[in-house]
């Protein structure tokens, strides 16, 4: 049984981490029962109960049992957090007067602390989210550390320029922080999404009020303690735990929040955009849902394409906004591809996420679990051919067998709607123009992939597919160096890379009258 106690002394948490490494293997042993050190709201570098004194349970998806209870923030708590963030952002505050290079040093210090506590954080993520420890440790924590270091390097390099202009004038631009930024993150990659949003916002000098997903609050709260330990001034980062319709809506509607960044469903994205428009026209960036196509041409490396399309869908239990959730295969190789795909899905190890050879853990919660099973039943009802999986695994926790559907038609709901689970629909196509039209026939446009040995065809697909990211002969390659975001209803704006900084700065033009201008 995985259990955890609340509010234990920090020393006990440190003891749990320092003894966890295995000297016999590159991958350290996880901590199956990580102690829970923080369960309150983090406002102004202090821990607070919710104003209402309410709490809510966070559940271990591996067992379905409650790990502990966390403060349930709402509008009153958001008001306090925004007030703290606004004070930290006032002219003359320690944060506003801090050198840009010092902001970078603090971000690097935060990365150092994450690296120090990597095993503990990965274990906490696996406990609360259900993802396999090997993925939490190797993939997620690696990305978290890199994203803080990457934007630390940008802190003193993101600046304006001088502009030659007519007349007796001197002109330059300033890249100024937007101000108080509301950030709302999802449950599928809690620490990664926290880093994607915090790092560029802090590198450019903003202050933050972040609402973390109610399903996975624990790792974000622990990282808040590292923010304080790193030396960030009070009020610069504030972390609220609570529900979307209360705490999340309060951030989106708040008249003293200058920008909101949201990652989550397209449906909630519409609500965020509407709330921003009906309040103070705050800046908005949205990273939303997807129904991303993976297109396999007849000349592709078959084994590689099968492997990549498998991971494109089943990675992170299918709970990935850019999951390759529509696999289009050219007719001449469809049968062989289908057989290999089904065999690979059957071989995928589903089980305890703390076991190092587990490839797939549970879905994040009961609601998501039941939603996915509902889509599987719907696919069967609509006439898609269930080739493997299609049911829960075991009687405990929220496990679903890897599921593959064949002979899926474009009009089926499993072909059009975001399932967000381990369900891979396979489609057959004959011609390139046909599959491009079908791939683009969706309200989404987050990502796409094409598998081919023909460079001319590959380049043509990268131009024709309506998606913010197009991969060629690979999938899910997302790094802190490259911009990420969607077309159409998959969102607006970009995160990561140099483009990710633009969302957190305003460009100010300064023009000065000079008595005499010389070149």
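Every residue gets a Cβ built from N, Cα and C, even glycine.
Straight from Swiss-Prot, the features:
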- 1-19: transit peptide (TRANSIT)
- 53: N6-acetyllysine (MOD_RES)
- 54: N6-acetyllysine (MOD_RES)
- 54: N6-succinyllysine (MOD_RES)
- 83: N6-succinyllysine (MOD_RES)
- 188: site 'Transition state stabilizer' (SITE)
- 287: active site, proton acceptor (ACT_SITE)
- 321: active site, nucleophile (ACT_SITE)
- 366: N6-succinyllysine (MOD_RES)
- 366: N6-acetyllysine (MOD_RES)
- 385: N6-acetyllysine (MOD_RES)
- 385: N6-succinyllysine (MOD_RES)
- 401: N6-succinyllysine (MOD_RES)
- 401: N6-acetyllysine (MOD_RES)
- 416: N6-acetyllysine (MOD_RES)
- 428: N6-acetyllysine (MOD_RES)
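One residue stands out among the modified residues 53, 83 for having the most other Cβ atoms within 10 Å of its Cβ: 83. Here the candidates are the recorded positions 54, 188, 287, 401, 428, and by Cα distance the one nearest residue 83 (N6-succinyllysine) turns out to be 54. Sequence-distant contacts of residue 416 (N6-acetyllysine), defined as residues of its own chain at least six apart whose C-beta falls under 8 angstroms from its C-beta, comprise 291, 410, 442. The number of other Cβ atoms within 10 Å of the Cβ belonging to residue 54 (N6-acetyllysine), over all protein chains shown, comes to 15. For the pair residue 54 (N6-acetyllysine) and residue 366 (N6-succinyllysine), the Cα-Cα distance reads 22 Å. Residue pair residue 385 (N6-acetyllysine) / residue 428 (N6-acetyllysine) shows a Cα separation of 13 Å. Long-range Cβ contacts of the residue listed as 'active site, proton acceptor' within its own chain (separation 6+, distance under 8 Å): 262, 263, 321, 484, 485, 486, 490, 491, 493, 495.
For the recorded site, residue 83 (N6-succinyllysine), the DSSP three-state label reads helix. Every protein chain shown contributes to the tally, and the Cβ of residue 428 (N6-acetyllysine) ends up with 19 other Cβ atoms within 10 Å.
The secondary structure of residue 321 (active site, nucleophile), as reduced to three states from DSSP, is coil rather than helix or strand.
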